[in-house]
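For Cys60, Cys62, Cys75, Cys78, the entry in Swiss-Prot reads Zn(2+) 1 binding site, with the evidence type sequence analysis. What Swiss-Prot lists as Mg(2+) binding site is Asp449, Asp451, Asp453. What Swiss-Prot records for Cys818, Cys892, Cys899, Cys902 is Zn(2+) 2 binding site, and it gives sequence analysis as the kind of evidence.
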Amino acid sequence: MIDVNKFESMQIGLASPDKIRSWSYGEVKKPETINYRTLKPERDGLFDERIFGPTKDWECACGKYKRIRYKGIVCDRCGVEVTRSKVRRERMGHIELAAPVTHIWYFKGIPSRMGLVLDMSPRSLEEIIYFASYVVIDPGDTPMEKKQLLTEREYREKREEYGQTFNAKMGAEAIKELLQDVELDKEVAELKEDLKSAQGQKRTRAIRRLDILDAFKESGNDPAWMVMDTIPVIPPDLRPMVQLEGGRFATSDLNDLYRRVINRNNRLKRLLDLNAPSIIVQNEKRMLQEAVDALIDNGRRGRPVTGPGNRPLKSLSHMLKGKQGRFRQNLLGKRVDYSGRSVIDVGPWLKFYQCGVPREMALELFKPFVMRELVKRDMASNIKNARRKIDRQDDDVWDVLEDVIKERPVLLNRAPTLHRLGIQAFEPVLVDGKSIRLHPLVCEAYNADFDGDQMAIHVPLSDEAMAEARMLMLAAHHILAPKDGKPIVTPSQDVVLGNYYLTMEQKGREGEGMIFKDTNEVLMALQNGYVHLHSRIGIATNSFTDKPFTDDQKQKIMVTSVGKAIFNEIMPKDFPYLNEPTQDNIVNGVPDKYFIDKGEDINDYLEDAPLIDPFKKGFLSDIIAQVFKVYKVQRTSDLLDDMKTLGYTQSTNSGLTVGIADITNLKEKPEIVEAAHKKVATVSKQFRRGLITDEERHDRVIQIWNDAKDDIQQKLVDSFDPNNPISMMSDSGARGNISNFTQLAGMRGLMAAPNGGMMEVPVISNFREGLSVMEMFMSTHGARKGMTDTALKTADSGYLTRRLVDVAQDVIVREEDCGTDRGLVVSAIREGNEMIEPLYDRLVGRFTMKDVLDPKSGEVLVKRNTLMDEDTAQMIVDAGVESVTIRSVFTCNTKHGVCQKCYGRNMATGEQVEVGEAVGTVAAQSIGEPGTQLTMRNFHTGGVAGGEDITQGLPRVQEIFEARNPKGEAVITEVTGEITAIDENPAEHTREITVKGETDTRTYSVPYASSVAVAEGDHINRGERLTGGSIDPKQLIKVRDVMATENYLLSEVQKVYRMQGVDIGDKHVEVMVRQMLRKIRVMDPGDTNILPGTLLDIADFKEKNTQAIISGGIPATGRPVLLGITKASLETNSFLSAASFQETTRVLTDASIRGKNDPLIGLKENVIIGKIIPAGTGMATYRHEEPKSVGTVSDSVYSISDIEKQMKAKDGQQGDTDKK
């Protein structure tokens, strides 16, 4: 076998008959498979050992030669070579066909490749191939045309008329002769001539033909090879036949399909030998053709061949297609050894980098290592005994196991793996029981809970794999989420509740006003019962030697609470003391107002001082973010562990529970409900009198009940007791929110109706009182709709992620700096008056392209090519800067990827991105993972005048990325200028908007219903909206330029996600949008050898043009094309990646005709052939191999001087040759 890591690229082409024979080890002549008595393969059959190799290792069929010493000998009795039986997985056979047969992929695909080459319609081809019509191959001296079709009757008449002077045939033989007659060079030249004058339909057809003919010409494939004289038989172990209990056999469908081909082929041979009548022979040839069609792609033409129980047989094409096909089932997702799965359970005692593995599971996973260690320690005499010992689970194996798993990380994965944090590495700790124990803080990254979730565990085997798991994948390193750079391991639920309880303050608790010299004294007082956790006390500030207090504060006494003193013990020594939950306290230390002079009466101070809020979930998150920023990963993960332990301990001590008495009764509720009923009655009366329409009545009733519910909710909030456990849980952010509480103690309110609106009758009861049967029934619809929506959304979101990953998988950070001179001007994204994404968010972690100047003084705030961190970004925003030019993925010049400078900071680490980072995949996951949080619904404005139905949520994201025409499309202007008139045209039910530009004036007619977004006298730029709605990006790219389109798509995606409260870094969306715009459609080829209408990568287009200019020719012109992500995935340069995505047969058909070469640049194609992926540690630069040129700095667009130099050099060379 060839070493897969050695080859650079992979090419595919059409196989010639000679090629097929050269692969083959012999011809399969008989349809037999196995002798059912001896279970030995039959001679010349589909499993013949002489052709495909022995069924047992080192043993010939008759048993004359056994054992390895006869390796390579061919047995003189049975003719079988003595070798390994696994050659039966790689040796092919062939079938010599008695008549040529067309390959269905090339005849039936859309467009029909054969039809294009021959310039014939697929209909007429079908008639010829399946023996319905004759085709004239050589008209001789008759008035017939070449390629003219004749029916059986016409053929007989012509034969009578002209005799043997012309040549007409039917079937694949005829097609083969026609294909052999095609003169590629001549046809290509003629078509190129025609193109100069052709227009419309004719031109399109010519371009398509030229494309195919040119592909044949360039690739060296012969069109006649689309017709086969011989077909390959795949190795028998890839179409196995196994015996089931009860003596029956299960066999792969392919064997049935091959059998039919062989049977029909043998029958045809016999008929030809017997000189049978032509009609019988024709029928047999047609059946052979159909059998081969079924073998290659069953069901593509006519009814599929079925097996027992009317089940269509799986042909060769089906083996590749779809989720169960070879690509997705076996090449992109393999099952691996040394893995297990089990239910997960919480392990609160674990450290952040640990997980609990059940003893038995660990013993099985690490079995070989334990066996080796047992032998090494002389606890077992040999490997066999060691295995027995392990299977018996002797007592002394457990100690060995303990030693073996030290320093060996394992990987834990939870399906669905929506982003890269779905697989993380941990150090195993042996636990009792059968469940895997998971650290509670990593649950959020995995989206795991302990209600029966299962997780899979994998053991990295090689040293490199272990090192990577430990260095790159250890859970303790993954504190920030890749999608937005915010901490993902924030405490939740019990931990939040415990820390909230710990940091509460209460007036007048025991020991209030005591003053201590340091924290140890406080702890002693607490243990001895002198103070309570919530007591407010004083501590001498100078006892905190490392904390950053001001000199003034150090002389004083700090007023704090016992709980906060305990909480601050877990913080880093020199981190500011946390006394109030504000960002100011985190960054600048405790405010002066919490200090009293020594000797001042603390009780007077406490009398007036308000209680400080306890620390809630959001504040804990801010603390973690700040600690990460200052102290980096290691210290943060220690802090998280301490915070977890503290939180669990305190929530246990607090004894917080929920009882029915905690749900209070609201006294004002009956009055509010009564008042609402009266209002509803009034509205109904107005409707009956005809003062308002039914729609208005409905809207008002809904409004009345919503107001009543809000009123009750507000009253509940006002009457809250801060010590009520339910209110503590919801206030701290541990669980539940105000609307849950309203449903328990207030009223449930209005319910969704099946038609998508609201029911007018509200649910007045709450859960404390209990619902009536009627109310319960009304609630069910909304509840069920919620469940079904979630299920549908998950599938949609998963499919979106798959398409995103596919289109961006080859975007990798390839170099440090691409040297581009362009940048992206960013400012805050707004929608009307609403801020969608502030400028600050768009600057953090990006490089500046130009100097940033202070708008007031004009001085340089930030130099160009600087990485902006949080502080720099804040400074720029505070200075009042409105827009900044940054380095962006949009303007990066790196081929097949991006450079460090254009990408900026890696969100997941907070550092500059490293060369080799697979930023495309990360971007796709970051956009896809929150997909499940987006809504499914398309918002309708409910018939309010002047509003369009706009799509939002997941459907809108799909609409943007698939570049579809949006629902509720806006009309945009093609000229820049002033709006001179907006006239109504009642006859047409439209409005006419006139835009007067500098050179021309345009009038746009827009429907009455749509809202006009402009007024007379407004100045408007081309590409801006005249009406409400979404712009069609394909229109925008025509009217404006690529940059404007990219910006529009970026802000539209951000709108959808930010509306739902999901933050995603701009750069992720930029990576995706750039992939949609990486192609150019060539309009005029100039002097290049590109065909008009071809789609080319921008980089390849520039390269071809550079060559044309150097050789003194005219460059090609093209226009940028916006492709949806599905289309963009299928248009990628890698046929392997495209074939494994969708439309497998179409992609492979096209690739083989063009003789495509897959340069193996992306991740997917390398996974498919089993090569190490060229990202991360797999990049050539990191693997001590010759780096490919891809890793070097790519040339930006050639400058004129470069080109002149090259031309000079060329002239010089020519001069030299002249001299010679």
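Glycine residues also receive a Cβ, built from the backbone N, Cα and C atoms like all the rest.
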Cβ atoms near Cys75 (Zn(2+) 1 binding site) (within 10 Å, other residues, all chains): 20
From binding-site residues Cys60, Asp449, Asp451, the one whose Cα lies nearest Cys892 (Zn(2+) 2 binding site): Asp449
Of the binding-site residues listed as Asp451, Cys818, Cys899, Cys902, the one whose CA lies nearest the CA of Cys62 (Zn(2+) 1 binding site): Asp451
For Asp453 (Mg(2+) binding site), the one of Cys75, Cys78, Cys818, Cys899 that lies nearest, given that the binding-site residues are compared by Cα: Cys899
Other CB atoms, at most 10 A from the CB of Asp453 (Mg(2+) binding site): 17
Zn(2+) 2 site, defined by Cys818, Cys892, Cys899, Cys902: further same-chain residues with Cβ within 8 Å of the Cβ centre: Glu815, Asp817, Thr820, Arg887, Val889, Thr891, Asn893, Thr894, Val898, Gln900, Lys901, Tyr903
Of Asp449, Asp451 (the binding-site residues), the residue whose Cβ has the fewest other Cβ atoms within 10 Å: Asp451
Among Cys60, Cys78, Cys818, Cys899, Cys902, which are binding-site residues, the residue with the most C-beta atoms within 10 angstroms of its C-beta: Cys902
Position of peak Cβ density within 10 Å, selected from the binding-site residues Cys62, Cys892: Cys892
Additional residues around Zn(2+) 1, ordered along the sequence, whose Cβ is within 8 Å of the centroid of Cys60, Cys62, Cys75, Cys78: Ala61, Gly63, Lys64, Tyr65, Asp76, Arg77, Gly79, Val80
Assigned element (helix, strand, coil) containing Asp449 (Mg(2+) binding site), judged by DSSP: coil
Mg(2+) site, defined by Asp449, Asp451, Asp453: further same-chain residues with Cβ within 8 Å of the Cβ centre: Ile344, Ala448, Phe450, Gly452
Reduced DSSP assignment, Cys902 (Zn(2+) 2 binding site): helix
From binding-site residues Cys60, Cys75, Cys78, Asp449, Asp451, the one whose Cα lies nearest Cys818 (Zn(2+) 2 binding site): Asp449
Cys60 (Zn(2+) 1 binding site) and Asp449 (Mg(2+) binding site), Cα-Cα, nearest whole angstrom: 57
